[in-house]
Amino acid sequence: MMQTFQFGPWKIAASEIFYISKLSLGLVNYKPIVPGRMCTVVYVLVLPRRVVPRFADLTSEEVTDLFHSAHTIAAVVEKEYKGESLTITLQDGPQAGQTVPHVHVHLIPRRAGDWANNDDIYGEIDQKEKELAKELKRKTAAVDNEERKPRTPEDMASEAAALRKLFAQAENIWSA
Ligand code: AMP
C-alpha cells in the first residue's frame, strides 16, 4: 500500500504528490480553474507536510522549506505548462478565501490573454474554491449526487508521475 498524506482534512495518495522535501509537498490540483474563454488552467499546490491551518503557525524551518520548495517548483511548472508568467498566491484564513485549513501556495501558470482582465483570476479562484468546498462537504456527508467530475485520481496520478521526474526528491514515497 502506498503511503498517504494529509491536506487539511483530506487524505492524499502519494500518487498525487509530485514533489517531496524534508518538510513540504507538491500536490497536483483536484480542480483546475477555467478562465472564461480559454482552456483549463492546470496548476499545482505546495504545502507543509505538517497540517498547519495558518501561515503564522508555521515554524521558521517550515517557512524556509515551503518557500524554497515553491521557488524550485515554480520555475519547472511554468516551463512544463508553457506559461509565460505565474500567479503565486497564498490565501491565509477563511476570510481571505482559504477553503482547506492547511497552508498552501498556489502556483498558477499564466499566458497572455488567459483572463481578459488580469486580476479576474482572483475572483475565479475564489468562486471555484467556494463551489469546491460545498462539493467536498457533500462528499464527506456521503451524499454525493454531484455529477460534475473535477478530476479523476488516475488523471491526477498521471500528471504527478510526469512532474515527479523533474525534481530531486528527499524520499521515495511512491514505491508500494
Ligand atoms: P484555497 O481555497 O486557497 O484553500 O485552495 C484550496 C485548493 O485545494 C483548491 O485549488 C482546490 O482545487 C485544492 N484541493 C482541494 N482538495 C484537494 C485534494 N483532495 N487534492 C488536491 N487538491 C485539492
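Cβ atoms here come from the backbone N, Cα and C positions, even for glycine.
As recorded in TrEMBL:
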- 43-117: domain 'HIT' (DOMAIN)
- 102-106: motif 'Histidine triad motif' (MOTIF)
- TYR122: site 'Important for induction of apoptosis' (SITE)
- 136-157: region 'Disordered' (REGION)
Three-state composition of the domain 'HIT' (43-117), taking helix and strand from DSSP: 27 helix, 16 strand, 32 coil
Neighbour count (Cβ, 10 Å) for TYR122 (site 'Important for induction of apoptosis'): 14
